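What Swiss-Prot says about this one:
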type	residues	note
DOMAIN	204-288	domain 'RCK C-terminal 1'
DOMAIN	290-377	domain 'RCK C-terminal 2'
TRANSMEM	10-27	transmembrane segment
TRANSMEM	34-53	transmembrane segment
TRANSMEM	63-85	transmembrane segment
TRANSMEM	92-114	transmembrane segment
TRANSMEM	155-177	transmembrane segment
TRANSMEM	387-404	transmembrane segment
TRANSMEM	408-430	transmembrane segment
TRANSMEM	443-465	transmembrane segment
TRANSMEM	475-497	transmembrane segment
TRANSMEM	504-526	transmembrane segment
TRANSMEM	539-561	transmembrane segment
């Protein structure tokens, strides 16, 4: 044991990786559906390892924290800007109000309990499950120019307060949002989602049509077939809730170019793409059509791609509006993903598309290539990263954040951390217009998000290790009880405001609350309770605004309390 202690003291970098190894391994274990998660497990592992009195350079913590904050900003840029634009403004304003509750109640609880700045910073981060705020709070405390011993004591209790309150902050938030609040507000989530679908043009038949396997068949029309005499547009209009398109036409023995006004005649052979059971419903009399194998009409390549939306003309349009255009002909929309968590958005006629959305499309290659040019660009997820863009963004953000302005004796600064977060937002938003540069692969964003944060957490835990037990004794068991209060009340008041002031539909209300508190685990439980992903419609904008504000609150609460 002495050998291990001495080795870790000489090579503190080993202690960091040991904390990560234990943290990720333990954090991924589940017991009856509950897991600590990598962040909490890494912190606890680091605290235990920190009992060896290991000295770790603060630069390690700072470098990885800046990487993490850039990834946070980069992931939510388009959604954040969308949130403060016209279409997302109600949800963005709600997120601001919810975040104010998340700031107010922890401060009140901490004041009543008599916690110092360090304990309050950790208490806020744990109860609101926003680990990133600890970094900004730490920077703010550093700029207060307090005596070294007092600052050291504050830094040592931050992880104590965080670790004790984070567990209920995570699990409790999910239970409160998915179980307790629906009962208190008398919300039947499943019924609410069905009502939302009905009001926004969604039906069981419609949803089924969006996801059905694409098929391409050719039919020869006889004089008894209902399609004879119709234009192609009129034929396709026979399937208002089903995806069926004429993809080719052979007239008088020749394959000809078609448009919506082309007329169908007896003896024509048409290639029909879409749902096979829908074909059968229309061509319901065997003597009125012959299914043929016209190889020239059927030999058309099918393509499935992910498209990154960048078009100004598409931004904010509903699927119903886009579906009325001729450009949507032959296109099957399989999936909509939005935000840094790639939240899957329900496909409904009134669902709006925004820049930064990723659409999974399928259809004939000619149709997919045509519509891709109008929507944006194919989301080509290469392995190489634009490192120059990434590093330059961090430099610009850190330089701006390093500026300090004093009002009396009070220093006002974004800090390098806050500056990098904002730089990530801005650079990501710019990239949504020009996706040809600044590409950071999704696995790399995950690495910076997860490992960047956990190295920072490990550094905090290792440094606080020697004083952790003393800090826990000082704060006592009441810290956990105060944490329950500070976690629950902001969620309850946010739900009340969302229902009675913003008048959100019950189907998306709890998704808005989960987003404003950046608790993805809660969204999963809410969707499971609702048996639908409709609540996800309230998550992405509020998550973008909430993630930004809750992180910045780490700085703000120190300024308020001083």
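Glycine is treated like the rest: Cβ placed from N, Cα and C.
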### Summary
Top stretch by Cβ pairs under 8 Å to the transmembrane segment (443-465) (candidates 34-53, 92-114, 387-404, 408-430, 504-526) is 34-53
### Message
Averaged over the domain 'RCK C-terminal 1' (204-288), what pLDDT does the predicted model reach?
### Response
75
### Query
How many of the residues that make up the domain 'RCK C-terminal 2' (290-377) does DSSP mark as helix, as strand and as coil?
23 helix, 31 strand, 34 coil
### Task
Take a look at 34-53, 155-177, 387-404, 539-561 and tell me which one has the most Cβ pairs under 8 Å to the transmembrane segment (475-497).
155-177
### Query
Residues of the same chain, at least six outside the transmembrane segment (504-526), with any C-beta under 8 angstroms of its C-beta?
90-91, 94-95, 98-99, 102, 128-130, 170, 173-175, 177-178, 181-182, 185, 187, 189, 192-193, 195-196, 199, 341, 343, 490-491, 494-495, 498, 532, 534-543, 545-547, 550
### Query
For the transmembrane segment (408-430), which recorded stretch in the set 34-53, 63-85, 539-561 gives the largest number of Cβ pairs separated by under 8 Å?
63-85
### Message
With Cβ-Cβ distances below 8 Å as the criterion, list the same-chain residues six or more beyond the ends of the transmembrane segment (34-53) that contact it, or say none.
### Response
4-5, 8-9, 15, 18-20, 22-28, 131, 159, 162-163, 166-167, 170-171, 450, 453-454, 457-466, 468
